[in-house]
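Undergrad: Straight from TrEMBL, here's the annotation block:
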type     : residues : note
REGION   : 1-23     : region 'Disordered'
COMPBIAS : 10-22    : compositional bias 'Gly residues'
TRANSMEM : 49-71    : transmembrane segment
TRANSMEM : 114-135  : transmembrane segment
TRANSMEM : 178-198  : transmembrane segment
TRANSMEM : 240-263  : transmembrane segment
TRANSMEM : 284-308  : transmembrane segment
TRANSMEM : 328-350  : transmembrane segment
TRANSMEM : 378-396  : transmembrane segment
TRANSMEM : 402-424  : transmembrane segment
TRANSMEM : 507-527  : transmembrane segment
TRANSMEM : 533-557  : transmembrane segment
TRANSMEM : 569-593  : transmembrane segment
DOMAIN   : 572-622  : domain 'Cationic amino acid transporter C-terminal'
TRANSMEM : 599-617  : transmembrane segment
Amino acid sequence: MGLLVDSKEGGGGGSGKQGSWGGLNSLIRRKQVDSVHVKSGGQQLAKELTIPHLVAIGVGSTIGAGVYILVGTVAREHSGPALAISFLIAGIAAALSAFCYAELASRCPSAGSAYHYTYICIGEGVAWLVGWALILEYTIGGSAVARGISPNLALLFGGEDSLPAFIARQYIPALDMVVDPCAAILVFIVTGLLCVGIKESTVAQGIVTIANVCAMIFVIVAGTYLGFKTGWAGYELPTGYFPFGVNGMLAGSATVFFAYIGFDTVASAAEEVKNPQRDLPLGIGAALSICCALYMLVSIVIVGLVPYHAMDPDTPISTAFASHGMQWAAYVITAGAVTALCSTLMGSILPQPRILMAMARDGLLPSFFSDINKRTQVPVKSTIATGIGAAVLAFFMDVSQLAGMVSVGTLLAFTMVAICVLILRYVPPDEVPLPSSLQESIDSVSSWQGRNSHEISEEDPKAHVGSSKESTKPLLDKVDILVELPLIEKQLPFVNYTISEDNRRKIAGWTIMFTCVGVLLLTYSASDLGLPGFLRYTLCGAGGILLLLGLVVLTFIDQDEARHNFGHTGGFICPFVPLLPIVCILINVYLLINLGADTWARVTIWLLVGVVIYVFYGRTHSSLEDAIYVPAAHADEIFRSSENYVS
């Protein structure tokens, strides 16, 4: 009875023979959770961050200038005076993903965020796509934010054309494009700040975030004063609190949901947190709570000052104050928008170098990106590469039309994180990859285990755990038990069915897969109004049935005991599993499908480029290419054996 589970010959997860499945098996090979035995070449990021730093990163990355526009657009078109409820529902939906992130971040506190979790729980192929999508998200997101700073900055200097000529936008007829030097300069400044050190850059982001929050508090306090002074005209309307109905309010929630995107940036800095098991969940939760509270309070005030149908869709807050004789407030609000954009720019550029570094550590990208500066202990080369890419895009392109592509990366990451929580709870990886350099130790432990198994089988053949008799157990084992009823003296036999561990894992694995298929069918059929009625309702019913059955099965089967020892223990535990992750998957997939055909066409091109890079580089350079998979229970024993050989 050997320990060897798999090696390079099997492609990282197959039968041990190279064949037609060899290439596909590389897609499902999974890496080990970082442990005391797993080091990244001795290069580690500086552990400098505490809860205040994480809150600054989370709030700064989440609250952008969009909130100063969203309140007008969503109130006019969807929610009306019920805008605050739309923000609340969207905040609750975002909190579902935050719960999932909090558990995985505390269990697996390494750089890479959703890419890292997906690689551990699902496999290399999906992890590559998630990491590749996140690279797109942060690059375009950072560029779009940088392009939005110069118009707002110009307003502080007196108007659209008030910036100095060397940083003002210029139209180049030969290229038929508008270049933005200010955007590129700001990206380079943020990049330089991030290269100095994580603590220094986080402190700077905290200062800018405080300025942004102060501007929002000004809106809340001054707006409340005006509201009580003028009688809250926005709430005294004949159309009532829900002029567009509950459906309009829910549509508003789907729109403002994207205002909460950004808290996942906290998870990307997990490797740099001093006490990740405690600080990461608190940092994510506090950041999301602060953002939700500020959004709701601003919404309550603004829709009360001006009737929703009279709001300016472009500058709703400034116009609301100007209508009450406070034109000067526009400067405070514009300053808040500028600081919000600067803080969001830092939050957009911060995660990408760490994702590049994590992918390079795993061999999927060149090792250039994994180098960590010895003095600052940050991935300087990855940060500079990220800054150059974002600056070039911000200088030459108006990427606002590509903004939908940002949402694809975020929602895909949210979906995969929720699926990872289900896998962690029900079918956590029971095999770990070890480097081929430990082959001698693996053989030694394997032969020792084989001798013990042989001795046991000679003493008692029934005790041999690898016997064919046990391996052919039925799916359900019939067990007769006696239940004693308190008021009845005699005992009645009842039959209880228990599921063996191997079969429980199989049932759980297939159930998770069919649940995801059900979510996809349900959301697609519910969103695509162009489908024929019969086909649409059939797909919707089939998806709903699969989703409901998946929820029922996962609720009634036991979670895996190995979940208690998976990764770093003692951190946050996501509540209401499996209901919460499944609802999270449902919400995110629905939003993904409704992003639009143009967005998906652009994202598909980017993902296809990523597939080509993975096939011709990442797959063959992966650190798991020569890995040997062994049962997780024997990993520590093998490491101890290897240490004995060295000594």
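Here the Cβ of each residue, glycine as well, is placed from N, Cα and C on the backbone.
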Undergrad: Take a look at 328-350, 378-396, 599-617 and tell me which one has the most Cβ pairs under 8 Å to the transmembrane segment (402-424).
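TA: Per the Cβ count, the answer is 599-617.
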Undergrad: Please figure out which one of 114-135, 240-263, 328-350, 507-527, 533-557 racks up the most CB pairs under 8 Å against the transmembrane segment (178-198).
TA: 328-350
Undergrad: Cβ under 8 Å, sequence separation of at least 6 from the ends of the transmembrane segment (328-350): give me the contacting residues as numbers and ranges.
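TA: Counting only partners 6 or more residues beyond its ends, the transmembrane segment (328-350) has Cβ contacts under 8 Å with 57, 60-65, 67-68, 138, 141-142, 145-146, 148-149, 152-153, 155-156, 186-187, 190-191, 193-194, 201, 204-205, 208-209, 211-212, 214-216, 218-219, 222, 262, 265, 268-269, 315, 317-318, 321-322, 383, 386-387, 390.
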Undergrad: Same chain only, please: residues at least 6 beyond the ends of the transmembrane segment (507-527) with a C-beta under 8 Å from a C-beta of the stretch. Say none if there are none.
TA: 419, 422-423, 426-427, 499, 535-537, 539-540, 542-551, 553-554, 557, 560, 582, 585-586, 589-590, 593-594
Undergrad: Mind checking which residues reach the transmembrane segment (114-135)? Cβ under 8 Å, same chain, six or more beyond either end.
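TA: For the transmembrane segment (114-135), the far contacts come to 12-13, 26-33, 104, 108, 264, 267, 351-352, 355-356, 358-359, 362, 364, 408-409, 412-414, 416-417, 419-420, 423-424, 428-429, 567, 603, 606-607, 610-611, 613-614, 618-619, 622, 624.
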Undergrad: Summarise the domain 'Cationic amino acid transporter C-terminal' (572-622) by DSSP state, stating how many residues are helix, strand and coil.
TA: 40 helix, 0 strand, 11 coil
